C-alpha cells in the first residue's frame with residue numbers, strides 16, 4: 001500500500017510525463033536528444049535529485065517514490081528515464097555518500113537543477129562487469145592527476161557536462177587500486193571518440209570516450225585513492241532498482257496499448273480480448289508485470305528501511321528486465337501486423353527495453369549476485 005505522498009508523486013509525474021514527454025517521444029528519438037528546457041521543467045518536479053536533501057535542491061523523497069517516478073517516466077520515454085536513473089543513482093547519490101562538502105556544494109545544485117547532465121565512465125572495451133579489468137590510468141602529479149585511457153558505452157558522454165571516472169591509481173592493488181574522480185568535461189584531454197548507433201534508446205547518447213593526459217585537480221578525487229570500486233558498488237542497489245522500475249514502466253505502456261487495441265479490434269463478431277487465446281495471453285502478461293512491479297517496490301522499501309538490499313535489487317532487475325521483454329513482445333503480438341509499425345508505439349518500446357538485460361549488470365551477473373547470497 002502506497003502512502004499519500006508516494007501516490008501523489010506517482011500521479012504528478014504521470015500527468016507531466018504523459019502530457020509533456022510521451023507525445024514527443026518519437027521526435028526526440030529522431031532528433032537524437034532532448035531540449036534543455038525539458039530538463040529544467042523536470043527539475044521543477046525534483047526528478048534530477050529525487051532522494052537528495054532539500055538543502056541541495058532535492059525532493060528528499062524515499063526510494064519507493066523514486067521507483068514510482070521512474071516507472072512513469074519510462075512509460076513515456078525509455079531513454080529519458082535512463083538519463084534520469086544515472087543522474088540520480090550514480091552522480092547525485094555518489095556525491096552525497098562519498099563527495100566532500102566542497103564537491104557537493106560545487107556540483108549538486110546544477111545536477112539536481114537539470115542544468116548539468118552527468119555521465120558515469122566505468123565500462124571499457126575489455127572491462128564491463130569485471131571492474132578489476134579497468135585500464136584507464138590516473139597518475140599522480142603535482143597538484144593533481146593525469147588521466148589517460150578510453151571508456152566505452154557511456155550514456156550522456158556527449159551531452160554530459162560532468163563525468164564520474166573510475167581509473168586505476170595503483171596498478172598492483174586490483175580492485176583496491178581503483179579511484180573515482182568527478183570531472184567537468186570542458187577541459188583539454190576530454191574527447192568523444194564516437195557516438196554509437198544503437199538498436200533503441202536513440203534519444204540518449206551512448207559514447208566512446210577518450211582521455212589524453214587529462215589533468216584533474218586533487219580536489220576532484222572523490223574520497224580517498226583506492227575507494228573507486230567501493231563507491232561504484234555502493235550505487236548498485238539504487239541503480240538496479242532504477243533499471244527495474246524502468247522495465248515496469250515500459251512494459252506497462254506496451255500492455256496498455258495492447259489492451260486498448262484488443263478491446264477495440266473486432267474479429268468473428270466480437271472484440272478480440274473476448275477470444276480466450278488473446279484474453280489469456282493478456283492475463284498472463286498482466287500477472288507477470290504485476291509480479292515485477294511488486295519486486296521493484298519491495299526492493300525499494302527494503303532500501304528505505306535501512307536494510308541491505310543488493311540481492312533484492314538484483315532479483316528485481318533480473319525478473320523485471322526479462323519480464324518486460326516478454327510483456328512487450330506479447331503486446332506486439334496482440335496487435336499483429338500493426339504492432340510491427342512504428343506509429344503504434346510498441347516497436348519503439350521493444351527496441352528500448354531490450355538493453356535493460358545488459359546495462360547496470362547483465363542478467364547473468366544478477367544471477368551470480370543472487371546465487372552467492374543463497
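Every residue gets a Cβ built from N, Cα and C, even glycine.
TrEMBL labels come from automatic prediction, so no person has curated them.
The annotation domain 'Acyl-CoA dehydrogenase/oxidase N-terminal' is assigned in TrEMBL to 3-114. In terms of DSSP helix, strand and coil, the domain 'Acyl-CoA dehydrogenase/oxidase N-terminal' (3-114) has 87 helix, 0 strand, 25 coil.
Regional average pLDDT for the domain 'Acyl-CoA oxidase/dehydrogenase middle' (119-214) in the model is 96. Taken from TrEMBL, the feature domain 'Acyl-CoA oxidase/dehydrogenase middle' covers 119-214.
Here TrEMBL flags 226-374 as domain 'Acyl-CoA dehydrogenase/oxidase C-terminal'. Broken down by DSSP into helix, strand and coil, the domain 'Acyl-CoA dehydrogenase/oxidase C-terminal' (226-374) contains 125 helix, 4 strand, 20 coil.
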| For the domain 'Acyl-CoA oxidase/dehydrogenase middle' (119-214), what does DSSP give as the number of helix, strand and coil residues? | 7 helix, 51 strand, 38 coil
